[in-house]
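To keep things clear, I will list the structure first and then write my remarks on it.
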Amino acid sequence: MLALAYDVLIYQAPDGSLQPQLATSWEYVGEGNTTFELSLRPDITFVDGTPLDAEAVKANIEYRRDPAVGSQSAAQLAAVSEVEVVDDLTVRVHLATPNPLLPSLFTQGGAGAMISPAALADPAGVATETFGVGRYQLDANRTVHGDHYTFVANPDYWSPDDVHWDEVVVSFLPEESAALASLQAGQLDAGMATSATVDAGREAGLSVAGPGFPIVAGLNIWDRTGEVVPALGDVRVRQALNYAIDREAIASALAGDSGRPTDQLAAPDQSGWNGDGFYPYDPDKARELLAEAGYADGFTLPVRTFTGEQLTQAIADNLGDVGVVLDINADEQMDQADDAGNREYGAGFLGWGVSPPVQMATYFWLPDALNNPADSLDETLVQLQQQALVADEETLDELSGQIIARVAELAWFLPVYLQGESVLYDADVVEVPWANFQSVPTVTELRPTSSNGG
Amino acid sequence: MMRLVARRLIISVALVLFISLLTFVLQTLAPGDVARTILGCGGQTASCPEQQYQALRHELGLDQPLMVQYWQWLSQALTGDLGVSPVSGLDVSSAILSRLPVTASLVLLGTAATALVGVSVGVLSAVRGGRLGRVVDVLSLLGFALPNFWLALVFMALFSVTLGLLPATGYVPIDVSPRDWALSLILPVGTLMLAGMAGFAKQTRDSMLESLSQEYVRFLRANGASELSIVFRHALRNAAIPVVTMVGMLFVGLFSGALFIESVFALPGMGRLAVQATLGHDLPIVQGVVVVFTLIVVATNLVVDLVYGWLNPKVRVT
């Protein structure tokens with residue numbers, strides 16, 4: 001929704017590609033991914049008249065970097081050591097440690113949206129008005145925060161051809177079935193939908209785009225060295241668990257058309273994807289591997305999850321077939337960073353938005369990763385990570401694939417399926433560009449089917 | 001009467017203080033906190049980058065003792081300043097004020113419609129009896145049994161999707177368009193009414209039957225009073241006391257019912273504000289809504305007591 005009123009430095013298109021928006025070009029300076037230079041589009045001003053220049057970009061990065069502000073990008077910006085204003089339209093970001101992912105950090109998915117520095121100085125105003133460079137501006141009088149937001153076209157936008165509507169109203173409906181009724185009644189033209197309503201929407205004659213923005217669901221095998229469950233220390237056992245899962249069946253039962261099986265922590269056409277084929281469903285092979293490892297009679301695996309989650313039960317049924325008993329412990333809430341608590345279990349529920357492997361590494365498989373309670377260490381992964389951090393774009397791509405392959409080979413996880421939300425829409429009114437399992441198109445991408453906007 | 005009001009007001013202040021403290025404590029006992037919400041790691045399987053998380057907690061004062069945090073809120077609230085939401089940056093008082101008209105419309109119309117229809121049906125079935133009485137009994141059972149959620153969705157499917165007469169969801173402020181305001185409230189109020197009406201009718205019928213069988217009614221009839229005057233001036237007034245209690249209870253109950261109706265029909269009312277704030281650990285908003293709700297409940301009870309006094313002079317003495 002923010003994309004309506006806030007242009008970003010670098011725009012991530014629905015097909016995942018990075019395109020110029022407020023920045024016309026960007027590149028790493030020198031070797032090692034520690035200096036990143038952005039060139040800005042000239043003659044752009046924020047809606048309050050402040051010019052968008054290098055100083056403005058610097059102010060934005062420094063604002064989000066401050067942990068007291070609470071920006072979701074603060075952790076990734078923590079490595080920024082200096083923001084250098086080279087000239088009016090050139091900014092250099094200096095990093096204390098290498099990071100090859102700055103281009104995607106400065107998109108709409110990260111810290112890409114630019115806010116007028118004047119507004120940053122008085123952040124209270126940002127809650128009720130918009131202060132960006134944007135196609136639309138928030139109409140505060142016709143907005144109830146948390147319910148609906150009315151945006152009206154900005155007549156001074158720098159690229160008028162990209163303004164497709166006179167007015168856009170974004171509503172938040174807590175009940176999906178009520179949202180579906182509103183779509184059917186023509187009150188809404190497009191809406192996000194989970195697997196719960198996609199089929200009903202399609203039957204009602206609405207068009208479906210998606211699913212996008214993949215979340216990988218499965219189990220994170222926490223006890224990779226076999227401290228609590230000795231069997232898990234053996235790679236053959238962890239691989240056996242992976243062979244025992246009928247991913248196709250589970251994905252279709254739990255997520256329907258909104259899901260897709262996966263045996264790795266990556267998504268098709270995204271960085272690191274190796275194609276299907278690490279662990280095809282093969283219970284016989286699973287039994288064989290278990291027997292080889294000395295667990296022909298199976299073992300009990302304590303798992304931590306949260307209440308109401310269904311996937312773990314489905315996994316338990318599959319694993320039961322090869323003699324492994326899941327002891328499922330469901331809490332109201334499950335803190336992945338609760339190392340001490342999580343160390344008592346063999347594995348825990350995994351549900352995570354797929355991001356580039358070098359970033360996933362810091363969450364899941366480097367020794368100091370947030371969701372690696374036993375601090376498991378694999379030298380190969382650490383080396384691959386070090387190479388990837390300083391690699392150029394092409395090499396990074398190659399290394400990302402190797403990282404995901406190594407993680408799959410170690411079988412530190414039990415990924416089962418990818419799932420994402422779809423968009424239901426009225427094709428007579430709106431067109432929705434989409435690339436499956438890659439992205440949720442921003443609202444700015446929705447365009448009128450006919451020539452008349454509305 | 002003045003003493004009754006004064007005593008009630010003193011109790012109310014204590015009640016508001018107690019409930020605000022209770023809410024504060026309960027909310028902080030729930031897993032998670034607002035720093036997680038802001039950092040986007042407040043989900044059921046969340047994990048927060050530790051350094052940023054601790055820094056933000058400190059900035060928000062969440063690392064201070066619970067009683068210090070409560071005192072900070074209270075001392076501010078006593079000056080009429082309910083604070084600012086750390087999640088949205090909005091002023092709590094204005095957030096509540098912008099949503100109060102929605103909930104007020106819903107609850108007032110819901111109470112009025114339920115009471116009016118319920119009492120009418122109840123009186124009619126008491127006077128006419130027979131088949132109508134049995135219909136009221138069956139309806140009241142159905143009203144309790146049918147889930148509101150299902151009823152709401154059936155209404156939407158029928159009146160919005162199939163017939164296209166009414167909007168399925170959303171709210172239009174009365175100053176924007178009185179007609180659209182009314183249209184946007186028909187389904188939510190209708191759902192509330194159907195759920196509460198039957199019980200109301202049954203209560204009215206039972207009290208009416210009791211009143212009508214009293215000695216004085218026979219006396220009035222013997223003296224030639226008209227049937228209309230007996231039913232409305234005498235019997236209904238006596239039967240009204242339990243009904244007034246029900247109106248009060250209904251009014252208060254609808255505030256919690258509104259919480260659900262507002263979610264289904266996507267009405268931007270206080271109930272939904274409270275739900276969103278609770279899930280996001282947005283304490284200033286939760287506290288603000290609870291204080292306003294408590295004041296409304298206290299005021300309603302006071303009004304009900306005053307109406308009792310008017311209906312039944314015996315109450316005035318005690």
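Each residue's number is its place along the chain shown, starting with 1.
Quick reminder: no glycine exception, Cβ is built from N, Cα and C everywhere.
As recorded in TrEMBL, the features of this protein are as follows:
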- B:100-308: domain 'ABC transmembrane type-1' (DOMAIN)
- B:9-30: transmembrane segment (TRANSMEM)
- B:106-127: transmembrane segment (TRANSMEM)
- B:139-161: transmembrane segment (TRANSMEM)
- B:181-201: transmembrane segment (TRANSMEM)
- B:239-265: transmembrane segment (TRANSMEM)
- B:285-311: transmembrane segment (TRANSMEM)
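Panel annotation: around the transmembrane segment (B:139-161), residues 121, 167-169, 186-188, 190-192, 194-199, 201-202, 257, 260-261, 264-265 of the same chain, lying at least six beyond its termini, place a Cβ under 8 Å from a Cβ of the stretch. For the transmembrane segment (B:9-30), the partner stretch with the highest count of Cβ pairs under 8 angstroms, out of B:106-127, B:181-201, B:239-265, B:285-311, is B:285-311. Contact between the transmembrane segment (B:106-127) and the transmembrane segment (B:285-311) does not hold: fewer than three of their C-beta pairs are under 8 Å, each pair 6 or more apart in sequence.
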